[in-house]
Structure formats: structure tokens, C-alpha cells
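Here's the structure we're looking at; comments come further down.
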Amino acid sequence: MPIRIPDQLPASDVLRTENIFVMSETRAASQEIRPLRVLILNLMPKKIETETQFLRLLSNSPLQVNVELLRIDNRPSKNTPTEHLDTFYRQFEMVKGKNFDGLIITGAPLGLVQFEDVIYWDHLKTIMEWAKDHVTSTLYVCWAAQAGLKLLYDLPKKTRKEKLSGVYHHQIHNPFHPILRGFDDTFLAPHSRYADFSPHFLEEHTDLDILATSDVAGVYLATTKDKRNVFVTGHPEYDSHTLHNEYIRDLGEGMEPAIPVNYYPNNNPDNPPIASWRSHGHLLFLNWLNYCVYQQTPYDLDHFSEDAFTKDD
């Protein structure tokens, strides 16, 4: 089944050229099944690029998904046209009275900024608290995973000395967990972060199910027992050239970034990178939608409550 997004959203044309089924709002209205309602809080600077990446992954499901885009505040963006934000993005005041099946909170380039120094930190905390009573399952990606762990477990910010950048091997730890169904025993996924997610630290200070780790990158995937909070510390949504663009950006800013690990053929930035994580990203989002959202959410979102959730895997 397709995703349902506004006809004029730039991602619509991009996804259609990739032969991805995008349903118009008119056609979707004639469907007799209840579509899933997913809200994306986009914290990345290049919002059009990021929304397209996440919509691509959400589209690979037999479930119909209605997507709404949320911005953190109304400050002008340096990287996204104001017209785009005004047309396609909601303010929190416009959605806080609704319930959603799923919420995705994207990463943000704030790895070296303390939480209390993030200009929208208080607003982000408000949204995360709101999600506890209005969202079936929340997916926290990269920096948002660190922010979510701070809110839910009061974990201090842990920062690596050097930025983690590249594509890393990961191992799964519970092949029978629903979100890991169909995963290979080892898989590749990209990371681009300063945040440190030590398996030992999370095991000691949380009750999370730690589902996938990397010897180098640490914890990659973890969930709460009820699957209502899912933490992904990498960037499975990244396009093949996203790490490259970040590397070139950092070079242009006079930094001395390390070449992203296991990314360029022969470790040579002159060679076009190969996306070795694409199938993993699609399977991860498919499983999240199916097992953490669809099979957990109440049929009637107007009667959202803890008691409405199924406890079966």
C-alpha cells in the first residue's frame, strides 16, 4: 500500500520517479480501511531532503500511511524555503489535540551542544511528553535517541572524542524480537554522530531491550519493553551520498574530518559511494510500522489509552 502525502510536496515527484506508490489525497479518501497516522518531527536543516528520505522508507509497506510533517518552531530556516514550511508543515499547536499511531523524531546537528543550550529544548521536551499520551510508538533517530534517553531515563549526555562517521557492521542480539524479524545476523548501517551509546552504560541504567550493537559504534537499536519507544542511533534513512555531502561540507568549513569508514570503494573519496544499508533501512521501518505501530495501536485513535494497547508480540 502507498503513503498518502500532499500532491504538491516535492517528495511526491521524487518518489514517483522511483516507482514508489504515492497516493493522492483524493484517491486515499475513497479507501475503506483505516490508514495509519504518522507524524514526522523534522529537526534536520535540509528538511526537503530529510522528509524525502523518511517517506521513501515509510512507503515500503502493505499498510496505508497518512503522514503529517511537524516543525519544532516558527523560526526562519536557512536551508528550507519559508513557502515550503508554511505549506507542508504543522505547528505543534495544530496537532497537539490529535492522536497518532506513530511519531518519528529525526536527528539534528547538535552533537556537541548541551541539551540545556539547545534553543528549542523545552519545546522538544513538551512534544516528547505529549507523545506519551497521544502516540502509540515513537521512533527516535540519532540525536533524537540521545534526547529521548535523557527525557525517559535522565541519562547524561555522553560524547565521543571524535565524530563517528561511516558504515558499520552490527550484530543482532534477540532474533525473535518482532522488530528484528527478517534481519540478517549481521548488517550494515550508517552513523554520523558524536553521541556515545555504550551497551554497558545502557544496560546498567535502563531497562531497554538492546537489540543490535556494533563493536565500534555501540548500541544501534533498542526499545522499551512495550515497544512504544524505539531508539535508532544511526541513520538508516540516509541516501547513498549523504555521508559524502557531510564530508565535503566539513572539508569546506576548514575542518579535518576523517574519511567515512567502510563507505567509499577502496577508501577513496573520488569513488562514488555504494549504499550497502538500503535493504536494512526498509526492513527496519517495515517492522516498526507493522509490529510496533499497526499491531499495537487502537483501531479508534479517539479512544487512545494505555489499556488499548495489545501486549502480544
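Counting starts with 1 at the first residue shown.
Even glycines carry a Cβ here, placed using N, Cα and C.
Per Swiss-Prot, the feature active site, acyl-thioester intermediate maps to Cys142. In the three-state DSSP scheme, Cys142 (active site, acyl-thioester intermediate) is classed as coil.
If you look up Swiss-Prot, you'll see His235 marked as active site, proton acceptor. All chains included, 24 other C-beta atoms sit within 10 angstroms of the C-beta of His235 (active site, proton acceptor).
Residues annotated as active site in Swiss-Prot: Glu237. Taken residue by residue with DSSP, Glu237 (active site) is part of neither helix nor strand, so it is coil.
Among the features that Swiss-Prot reports, substrate binding site is placed at Lys163, Ser192, Arg249. Secondary structure from DSSP puts Arg249 (substrate binding site) in a helix.
Sequence-distant contacts (6 or more apart, same chain, Cβ under 8 Å) of Gly111 (site 'Important for acyl-CoA specificity') comprise Trp143, Thr159, Lys163, Arg193, Tyr194, Ala195. The site 'Important for acyl-CoA specificity' annotation in Swiss-Prot covers Gly111 and rests on sequence analysis.
Taking Cβ-Cβ distances under 8 Å and a sequence gap of 6 or more within the same chain, the neighbours of Ser192 (substrate binding site) are Cys142, Lys163, Leu164, Ser165, Gly234, His235, Tyr238, Thr242, Leu243, Glu246, Pro260. Annotated site 'Important for substrate specificity' per Swiss-Prot: Ser192, in sequence order, evidence recorded as sequence analysis.
Excluding Lys163, Ser192, Arg249, which define the substrate site, the same chain contributes Ser165, Leu243, Glu246, Tyr247, Asp250, Pro257 within 8 Å (Cβ to the Cβ centroid), listed in sequence order. A gap of 19 Å separates the Cα atoms of Glu237 (active site) and Arg249 (substrate binding site).
Cβ neighbour count for Glu237 (active site) (all protein chains, 10 Å cutoff from its Cβ): 27. Each of the binding-site residues Lys163, Arg249 was scored by the number of other CB atoms within 10 A of its CB, and the lowest score belongs to Arg249.
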